[in-house]
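S.K.: Have a look at this one before I ask anything.
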Amino acid sequence: MHAIQSTIRSFLLLWRAEIVRYCKETRMYVASYISSLIVTGIIVASFVLSLGNGSDPTAWVGFFLWNASATLIGEACVSISADKQSGTFTQLMLRPASMVVQITAKTCAWVLVNVSIDVVYIVALFMLIGSPIGFSWQVVPIMLVVFAGLFGFTMIMASLTVLYTKTASLCDVVGYVMMFLGGVVVPIDAMPALLAALSRFMPITQGIAMSRKAILGQTLTAGDWTWLAAQAALFVAIGYLTFRLIMRYGRKRGINMRY
């Protein structure tokens, strides 16, 4: 019991340190961050208004989850690339806390900061374009499970960054693929059969569909929750195993620190 409490306390200290660090980094690059928000706002507003979703109270859900997921995946690439470029990645590997624990703490910090910003940002944006914002408290646990699945994606992208370093452009591609396959701008039923089948295996797709149902007052079945939880668990398992394999390979063969 004491060991568990000590582990939790150590994780919380690491998490708090990562939050402070990330907030400081965000303030340093605030101009770039604001520019990114403006570009995202233009893209979101264009899609919402051009697709005739301006009166849909559930339209915000897809864009919120897409923006949050793209940010998390992007931060995983940028953070590890920066650590490798500055030469601090080796120091991270020598810390008492494992790299998995450190990536988990980093991801939790990114989630807390970015989701807090995105909530305010999406609400303000949709109010600005005159689009209604529907809500249901069932959306909260849905999004928590989706973020768990996104943690798996984050681990996968972190693994690729450890191996190849320059993955920022790949992260951008993955983000926009998630927008498309997640059904954010194109209904799943309108996709070709192969793409539709692929999209249904992504936690963000199921999360968006369930959130929309909840906001519209439709009943969420046990099957909905089971499928979402299974998807999230699968991606967490894949991400964890991928990261462990890459780190084991790196310790045996060495990690390329060139940037």
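Think of each number as a place in line: the chain as shown, counted from 1.
Cβ coordinates come from backbone N, Cα and C, glycine included.
The domain 'ABC-2 type transporter transmembrane' feature in TrEMBL is assigned to 10-215. Feature annotation from TrEMBL assigns transmembrane segment to 30-51, 63-82, 103-129, 135-164, 176-198, 225-247.
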S.K.: Honestly, do the transmembrane segment (225-247) and the transmembrane segment (63-82) touch, with at least three Cβ pairs under 8 Å and pairs 6 or more apart in sequence?
M.R.: no
S.K.: Three or more CB pairs closer than 8 Å, sequence separation of 6 or more: does that hold for the transmembrane segment (103-129) against the transmembrane segment (176-198)?
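M.R.: As far as Cβ distances go (cut-off 8 Å, pairs 6 or more apart), the transmembrane segment (103-129) and the transmembrane segment (176-198) do not touch.
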